[in-house]
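S.K.: Residues or ranges marked as disulfide bond in Swiss-Prot: Cys39-Cys50, Cys45-Cys61, Cys49-Cys83, Cys71-Cys91, Cys85-Cys109. Under the heading signal peptide, Swiss-Prot lists 1-22, citing sequence analysis as support.
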Amino acid sequence: MNIFNILLPIVVLLLVFGLTAAIPDEKGLIFNLDNGELCLQTAQCKSGCCHRNSGVSLARCAPKAAETQKCSPLHIYGTYYFCPCESGLTCEVDRSIVGSITNTDYGYCEDQNNTTI
């Protein structure tokens, strides 16, 4: 086998990945999706949340939850019924084993630095 036949696919892959990384603001077909676009995994969305309303609905990219909004803690599944909190907020939730397995541990976004009572 010729060395050219081995190196060509590697060079093409590096070129494709390099061009993709060099144009981060461009709208993507699979990654870098805007809010409202169909998604399969949270990693595809600019916002960091692939949201679905029910178990049979199509998931779409959505903004992260703001303070006092309902949220899901970060998990290993690709989609959320409620988006995780924005940066600087935490999702206060009572976790359970069943809730972790069935993705039904929900809470509300809170600012831990907020000192008002």
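Note: Cβ is positioned from N, Cα and C throughout, glycine not excepted.
Since the structure is predicted, the reported quantities are computational estimates derived from the model, not experimental observations.
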S.K.: Long-range neighbours only, meaning 6 or more apart in sequence with Cβ under 8 Å: which ones does Cys61 (disulfide bond) have?
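M.R.: Listed in sequence order, they are Leu33, Asp34, Asn35, Gly36, Glu37, Cys39, Gln44, Cys45, Lys46, Ser47, Cys49, Cys50, His51.
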S.K.: To the nearest whole angstrom, what is the C-alpha distance linking Cys91 (disulfide bond) and Cys109 (disulfide bond)?
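M.R.: Given the Cα positions, Cys91 (disulfide bond) is 5 Å from Cys109 (disulfide bond).
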S.K.: Using Cβ-Cβ distances, find the residues under 8 Å from Cys83 (disulfide bond) that belong to the same chain and are at least 6 apart in sequence, listing them in sequence order.
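M.R.: Listed in sequence order, they are Ser47, Cys49, His51, Ala62, Pro63, Lys64, Ala65, Cys71, Ser72.
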S.K.: If you count Cβ atoms within 10 Å of the Cβ of Cys39 (disulfide bond), leaving out that atom itself, what do you get?
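M.R.: The answer is 24.
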S.K.: Based on Cβ atoms within 10 Å, give me the single least packed residue among the disulfide-bonded residues Cys45, Cys49, Cys85, Cys109.
M.R.: Cys109
S.K.: Select the most exposed residue of Cys50, Cys71, Cys91, where exposure means the fewest other Cβ atoms within 10 Å, treating these as the disulfide-bonded residues.
M.R.: Cys91
